[in-house]
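Q: Input: one structure, supplied below.
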Amino acid sequence: MSQSSSTGSFDVASLVEDVNLRRVAQYALVVFFLGFFLVPLETGIMTAIKTNESVARSLPFAPPVGEGFTLGNIQFALEQLSGSFFNSLIMSIPATIGSVLFGSMAAYGLTMVNWRAQMGVLMLFVVGVFVPYQAVLVPLARFWNNIFPLARMIEPMVASIPFFQGYHAELVPLVITHIAYGIPICTILFRSYYQSLPNSLVEAGKIDGASITKIYRRIILPISKPMFGVVFIYQFTQIYNEFLFAFTLVTGSDAPAAPVTLVLPAIGASTSGIDFGIRMSAAFLAAVPTLILYVAFAEQFAKGLRTEA
Amino acid sequence: MATHDNTEHVSDATDEAVGWESKLQYFLNSDFVRSAPYWGIPFVLMSIAVYGGIGYNFAISFTDYEGLGTPDYSVLDLEMYAQALSSDAFIAAAQNNLVLLVGFTTICLVLGLFLAILLDHGIRFSEKFQTVYLLPMSLSFVVTAQLWLWMFNVESGILNLVVTTLGFNPVDWLGNPSIALGAVIFALIWQFSGYTMVVYLAGLQSIPDDQFEAARVDGASITRTYLRIIVPQLKEASVSAAVVLMVFALKAFTFLYALVGRYRPPNGTDILATLMVRRAFKFGEWAYSAAIATMLLVMALGVIGPYLYYQYKQGSL
């Protein structure tokens, strides 16, 4: 351990040797796991920028050399994915904003008040975080297809919006679904933050005669900006990466409204097998938005995960 | 921020003196009513989606609903449950699910703990390494399934490169039913062990440094210090991480679907979640798959119920 070197009363020589050996082993393990976590990604990227011939000939993780280098795979994958990228973004962004706002409101309402059934209501939110979505898939499909076919109802309206096509209406039920099922986790994340705030903040507002809405808008919203960042990043990553709801409501990788995650498992596949150059390019492109967010806000992302547990 | 609701006490004390109008006035001014729009709207939306959905699913599971048309609620019975419990596919899926749940959760916890201890002390740029270890968690299962499909590739995958370099015959990781599940667990561990590491690191950081100091002064080795003193204090972190991992193992569908791009995952890896979705959306056996989904839900509640009760008793909710 690093602190050991600061104490000089021991047999310094043996201590240094001991510490050094241990630290070498420790760093060796750290580097080994660095490889463990990075090799699948590195291999994917290298395969994405190789020609088919080079993929067949060279080691999977080796970078392409000379003629073996190509951007053709990425270009092809980008063409295939561009429509679904748009679908993914116009679905994820409103869904994230909606669930984050509702989550913040619910958490505020639940930490603010003191009434008996509060714990019961909170429990229902917490259980909602863990419910396997399989348990609501059949109802979801029935609800949006048969009982309340919202997509079909608003299709002409959506078609008249510039840059949008009629089929984008299919994403509206998906957005609502994501908001509704995203509320529990967002509420729990915000609640843990609001609980850590000092009581005096709200008390002061109350003594000044501020209404509950005013306290929320003037006091709570401004100081919870960092938490909004955490929840937003966490929730956007979840929704963008999500597959099962899109699979249930949009169905089929060839549907024009399919988000990226739905299209990806079918790209580059043919009767003769999978073209891994194309498949890896597509996987990499699909991951770019969340990767950028992660690299820029890794600490916030980790905080979201920690709070969830 | 639990501010006490003073207005209610006032209304209790002056019960006789004030009329119902002012009582109503007090009630309408109370925090409960005034804060209701804040938690009430999200609560209603969430309840309809989650609990309404569960209830509807429960109702469908008692019918014989399949194919097109509408469910017929005139005859309600447990036939679908009986049918599922006596089918070989269901039992095989349940067994696979159990293996996945136990294997995946255990190894993830052990590896995550190991990584957390590895990075906890004496590593420079420890946070950068943590960021890399956690990176797979930011990727979609659809993406990681593609990466691992390539890793597991029989002819040119890296795993077989290692295996053949060591002098063994290439292995058909996903094609051989007796090892496919192990391969899937391996890939999922790759994705999730960064998560358990982060949870454990948070736990480790809440343990005061003097405990390490004291143990060191007593002459305890580092291994002993961790095993005897530190790890027992990480019980809560272990429990909450285990709950998240187990619930995930029950509902893991996306990774398995995305590996092959079709409803039937590689032989030997069919779990309840994939069985349920296949029965519903490929074969239109709505009632049957609703019954499987209900059983899946009960299992998930069996995991989280005791956990939440424990948390509630501890007062940490």
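Placed from the backbone N, Cα and C atoms, the Cβ positions cover glycine too.
Curation plays no part in TrEMBL annotations; they are all automatic predictions.
The transmembrane segment annotation in TrEMBL covers B:38-59, B:98-119, B:131-151, B:179-202, B:237-260, B:286-310. Annotation comment: TrEMBL describes B:94-309 as domain 'ABC transmembrane type-1'.
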Q: Quickly jot the same-chain residues contacting the transmembrane segment (B:38-59) by Cβ under 8 Å, restricted to those at least six beyond its ends, or write none.
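A: Beyond its ends, the transmembrane segment (B:38-59) has Cβ neighbours at 71, 73, 290, 293-294, 297.
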Q: Restricting to CB pairs under 8 Å, which listed stretch, B:131-151, B:179-202, B:237-260, B:286-310, is in contact most with the transmembrane segment (B:98-119)?
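A: Checked against B:131-151, B:179-202, B:237-260, B:286-310; highest Cβ contact count belongs to B:179-202.
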Q: Who are the chain neighbours of the transmembrane segment (B:131-151) in space, where the CB to CB distance is under 8 Å and they lie at least 6 residues beyond its ends?
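A: Residues 115, 119, 157-159, 174, 183, 187, 190-195, 197-198, 252, 254-256, 258-259.
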